[in-house]
Amino acid sequence: MSMRSVLRDSVPTTAARTTSATAADGPASRRPAIGIDVEDLDIYYGDVHAVRGITLAIQAQSVTSIIGPSGCGKSTFLRSLNRMHEVAPGARVEGTVRVDGRDLYAPGVDPVLVRREIGMVFQRPNPFPTMSIKDNVLAGVRLNGTRLKKDEADTIAERSLRGANLWDEVKDRLNRPGAGLSGGQQQRLCIARAIAVEPQVLLMDEPCSALDPISTSAIEDLIGQLKDEYTIVIVTHNMQQAARVSDETAFFNLAGVGEPGQLIESGPTTKIFSNPDNPSTEAYITGRFG
Amino acid sequence: MTDTSTPSPPRGAAEQGPAKRRLADRVFLGLSKGAALAIVAILAGVAIFLTAEGIPGITASPDEVKSGETFLAFVLPLVFGTLWSATLALVIALPLAVAVALFVTYYVPRRLGHTLGYVIDLLAAVPSVVFGLWGMRVLAGKLVGPYEWLEAHLGFLPFFAGPASATGRTILTAGIVLAVMIMPIITAIAREVFRQTPVLLEEAALALGATRWEMIRTVVLPHGRSGMIGGAMLGLGRALGETMAVAMVLSASGVVTFNLISSTNPSTIPANIALQFNEASGLTVNALIASGLVLFVITFAVNFAARAIVNRRKEFSGANA
């Protein structure tokens, strides 16, 4: 199922257009990854205005990193891209987030279906402790209610684990608990789980902050490979990491003490890191604050 | 060996001496050790009493006790009744308790959930005599009609073979009363373990596109599994040992039958002890105490079985997450 079908019910007029567009793409084996257009997005938790006025175009099939000091709304913004922030009570947004031209927040859009299209990897590896490695990978696929045949399940598990560069390390112990892996392996297992459902977009919330440098480097290599197929947005506190893995960078900062977070500037990573327009971006990147 | 007040020998050996034991630590250690030993001592005392007083009852010949049977013939129907009524109670209470716990934890606003939780806890504070009265006076009468319906429509099942009791004071009524009594404890424990489900795992499921129910199925229930089993076993323990409510509700005749709705019902060990003890004398008393010993062994076995179940898939339990 693609984003098209997710949003078809709510936006019937554009659905027809997309169908023809898909047909025009021809039988290309690679799915066209999808960019994200954020327009004037405000995020609130109850009375707290967390993020203000974000307008940002996220390129398809590239890595966009979001950097900024703690508490500036990076994670909140990332979570609003697949409506995960709604897990918190009282969360709401104003503005639009368009994925493949359709608004995630249009009335009638089911957040559950949005999340099936836009995967997420968290700060700390969170494989399901009661499941084996293989069942972890297949967890999302099975949520769709489809009963997998054994060979089908095996194919998806192998493809996803290979995609996450984990296959060789775990192929002999697929039925062992996922929690028995090292932290870095667990995180790649979580990535395998996220890509098993073939999402369009992969959101990563500081995916390496709980990992050692070697595991971090493995994940970064993986991100480089995954961007051929997915649109990736990564929040990171590690500026070297942002510089290494991302094509585009967005710098967030607080407007002031007690003020909401906002986007200061965004652009190609090379430009943001060498010649930023805004002095506060330069101050942050050179380590003068944050 | 090293007193901290003596001048320290070379190479800083003083720092390597045994750490100073503070008074508060020693007092606390003594108290907790004493409490732990007291539990073991009490348990041993009960076991010794039951064994010493029970053995004459077990070995007594049939004509020396009131029942006029060998001990085995006397106790087996009671064991059956005890297990049967407790099982009925658990089968009714466990799904309800888990459903209520899930509802309170995940489906109502937090504040309302807390309030509901308190109300359920209050249910646990109602004395069993009250439940017994309610079961005998209210519930039994109301169930006569349904029992007749069950006999008429499901009578081909051995459980509902009838003839339906005219008073409604059947083993099923006792099971329902027991279920109401053990539901609060199971609910309370299930609620507690559900609330401790790591947010990280809940979010993992939701981010994969799980609905709330799918999130509960993939994360919350597996995580809460050992807690639910523990709660169920506590409930089962209470149901096995419940005396007053069963004694008041059940019109027992000491048969062994799976029939849930007839007027001839098995009795349970604790209810039987309560009903018989006052008029008992001589070796009959010992026989009753021996039946208590059997109950003691059963509850022990139930607890060990629960532990075995909880431990069986330990590495998948989430304890090492």
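Cβ atoms are placed via backbone N, Cα and C, with glycine included.
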*Annotated stretch (transmembrane segment, per TrEMBL) among the listed ranges B:138-158, B:243-263*: B:243-263
*With the transmembrane segment (B:27-51) as the reference, which stretch in B:71-104, B:116-136, B:171-190, B:243-263, B:283-306 has the largest tally of C-beta pairs below 8 Å?*
B:283-306
*What stretch in B:71-104, B:116-136, B:171-190 has the biggest tally of Cβ pairs under 8 Å against the transmembrane segment (B:283-306)?*
B:71-104
*Remote residues contacting the transmembrane segment (B:171-190) - C-beta distance under 8 A, at least 6 residues beyond either end*: 81, 84-86, 88-90, 92-94, 96-98, 100-102, 104, 117, 120-124, 128, 131-132, 134-135, 139-140, 143, 147, 224, 227-228, 230-232, 234-236, 238-239, 242, 245-246, 249-250, 260-261, 265-266, 268
